[in-house]
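Here is what TrEMBL says about this protein:
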COMPBIAS  559-571  compositional bias 'Basic residues'
COMPBIAS  581-593  compositional bias 'Basic and acidic residues'
COMPBIAS  607-651  compositional bias 'Low complexity'
COMPBIAS  662-678  compositional bias 'Basic residues'
DOMAIN    538-596  domain 'Signal recognition particle SRP72 subunit RNA-binding'
REGION    539-678  region 'Disordered'
REPEAT    225-258  repeat 'TPR'
Amino acid sequence: EANMASGGVSVASLWTEVNRCGQNGDFTRALKAVTKILHENRDDVTALHCKTVCLVQTGSFKEALNVMNTHSKVLGSDVVFEKAYSEYRLNRVESALKTIEAAPEQTDKLKELYGQVLYRLERYDDCKSVYTDLIRNSQDEYEEERKTNLAAVVASMSQWEEAPLEDLGLPESTYELCYNAACALIGQGQLTESFNKLRQAEELCRVSLAEDSDVTEEDIESELAVIHSQMAYVMQLEGRTDEALQLYNQVIKLKPSDVGLLAVTANNIITINNDQNVFDSKKKVKLTNAEGVEYKLARKQLQAIDFNKALLAMYTNQADQCRKLASSLQSQNPGHPRPVLIQVAQLCREKQHSRAIELLQQFSDQHPESASGIKLTMAQLYLIQGNVFNRRCHVTKACDVLRSIEEFKHKSGMISALVTMYAHEEDIDSAIEIFKQAIDHYQSEQPGSAAHLALVREAANFKLKYGRKKEAISDLEQLWKQNPKDIHTLAQLISAYSLVDTDKAKSLSKHLPSADTMALNVDVDELENSIGATYVRKKAAKVTGENPPKEQTQPGEIKKKKKKKKKGKRPKNCDLNATPDLERWLPMKERTYYRGKKKGKKKDQIGKGTQGATAGGAAELDASKTASSPPTSPRPGSASGSSTAATAVPPRQQKPAASGATRKKVPQKKKKGGKGGW
C-alpha cells in the first residue's frame, strides 16, 4: 500500500507516465503525474526537479520560481539554469544575471543564457566575448544561431555605441545574418551599402520561406516586415520621406505580432509627420504604449520615443502634458540637453523668452560638458529678444555667449558670425579682437595652412574696409611674404604704409611692375573708330534761312530710326462725312444738350414714403442731413454708435440701413492707364 498513490495507481507507473510524456513533449500530462507523485512524497528531489522543468516548458515561470524558492534547500544548485531562465523570461534581467554569476559551475546552457542576459542589459563588449568563446569551443546544430546572435551584438555596438566595425568573419548565408550586417552598416553611415544588403536579405527570406509548402504569402510578408521597416528607415535617412512613409504604413497595416517593431515604425511615422498631420500622429503614438515594448527595445530607442511624445504634446498645444513629459525625461537623463530644449521650445511658444534663457543658463552651469548646443540656443534667443527690446544689449550678450563656447571658438562659421554681429553693432574693435585671437590660434596650431592664410586675408580686408589701414599692415605683410607675386596685396600694403611711413611705401613701390609691362597692346584709333565705340553728338549751330540743311551723319555715328506714328483707331459705324460732336470730350452731365435721366414717373407721387407720413420739403426727406442719423455700415474693425443685440448680423454681412438714394455718393478716382474708352 505504501507504493500505491492516491487513486490506486502505483508510483512506478506514474514515473513511467512522466518519462513517456517527457519524451513525447507532452509536459502538461507529465506535470499532472509529477504532482501525484509529490502528493505521496513532497520532498522528492527528482519529482520537484521534474515539476520545475514541466512548469518552465509550459510557460508557468512564476509558479516555477515559487516551487524553486520554496524548496531551495532540497533542490540546491540543481535548478540554477531553470531559475535563471524563469527570471529572464519574467524580465527580471538583473536577478537572472546574479543567479548565473552565483552558479558553482558555468555550463554551456548557462553560458548561452548569460549571453542573452548581457545583450538585454546592453553590455555588448562582454556579450561579444561570451558568444565568441561559445562559437570557438562548441560544434553542434546551434552554431548558426550563435553566429546570428554575435552579428546582432556587432550591429548594436555599431548603432548604439558608434563603435567601428570589426571583421569577425561572420557569413551572410541566411537572411538573419544578412539583415544584421545591414544594421551594422547603418550605424557606420553607409546607407547605400546597407540598403543593398537589406535587398539581399529580402531575397534570401523569400527563397528560404518559399521552400516550405505550409507557409502562405501573408506569413512571408509578416516575416519580411522587419526588413521592410529597416529599408524605410534608410530611405528616411536619405531624405526619401514619401517612399519611407508609404513603406512604414504597409508594415503597420500588416499588424505584426512584434510590439517592438510596431512601436519603432509608428515612432518613425511621427517623426516624418513632424508638426503636420498631428491627428495621425496621435493615433500612431498609441502603438508606442503597447505592453511589453520596454523589454523589446534598446534604451536609446525608448528614449527617442519619449522625446517624440513630448514634442507631439507641444505640437498639439498640450502645454502641461509637454512640461510633465519633459521634466520626467530630464530626471531620467539629467545630463541630456534634449529635455531642456523641449521645455525651452514650449516656453518660446508661450513668448516666455526670459524664462527660457534662465533654464538654458541653469543647465549650462550644471552640465558644462553638454553645453555647446545649449549655448547656441541661448544666443539665438538673445537675438530674438534683441528684435523686440534693447537690440544692442541683447546682441552683445549673444556674442558673449558664443565666445564662451570653447568647442566652436575658432571655427570659421563662429568667427564669421561674431564678426558680422559686431560689425552690425559698429563695434569694430571687438570684431578685430575676434580675428586676432583666431589668427593667433592658427599661427600656433596650423601655421601657413590654407585656413590660416584665408583668415589673415579676411582680417586684412575687414580692417581696410573700415579704414584701419595701420592695423592691416602686419596682415598684409604676412600675406605678401607668402606670395611675393601677389600685386593686389602689394598695392594694398603700399596704400597702408603711405599713411604711416612714406619711405617704406616708396621702397615697396619698387617691387611693383613697370608701366610698360602693365600696358596693354591696344590701338586707340582703331578702338575709337570701331562700331561698338560710343559717340557723343554735338549740338549743331542754328542756321538762318528757310531750308536748313539736313543733319549729316558723322563717321562712327549710328543713325536713329524715326518712329512711325500709329493711326488712331476709329469707332465702328464712323461717318467720316458727318460733323464731329464738339463736346464729345466732356462728361455727359456737363454737355449742353444733357437733360437728365427719364424715370417715366411723376416726381411727386402720392403714397411714396413710410405709412402715415405727410409730404414735406426735400430737406425733411433727406436722411443724410439729420443729426441723429447713424452710419449705414460700421467701419471695418470698429463698432457702430449704438449697441446691438447678441443676434445681430456681423458687419461683413449687414445690409445698408438707408436706401441708395439717400446716401452721399463718393466720387471714384479715374483709372490710369486703362485700355479703350474715352
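A Cβ is built for glycine as well, from the same backbone N, Cα and C atoms used for every other residue.
TrEMBL annotations: computationally assigned, not manually curated.
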Lying 6 or more residues past either end of the repeat 'TPR' (225-258) yet within Cβ distance under 8 Å of it, the residues of that chain are 175, 179, 182-183, 186, 191, 194-195, 198-199, 201-202, 205, 264-266, 268-269, 271-272, 284, 287, 296
On average, residues of the repeat 'TPR' (225-258) score a pLDDT of 93
For the repeat 'TPR' (225-258), the DSSP helix/strand/coil residue counts are 27 helix, 0 strand, 7 coil
Its residues classified by DSSP, the compositional bias 'Basic and acidic residues' (581-593) shows 3 helix, 0 strand, 10 coil
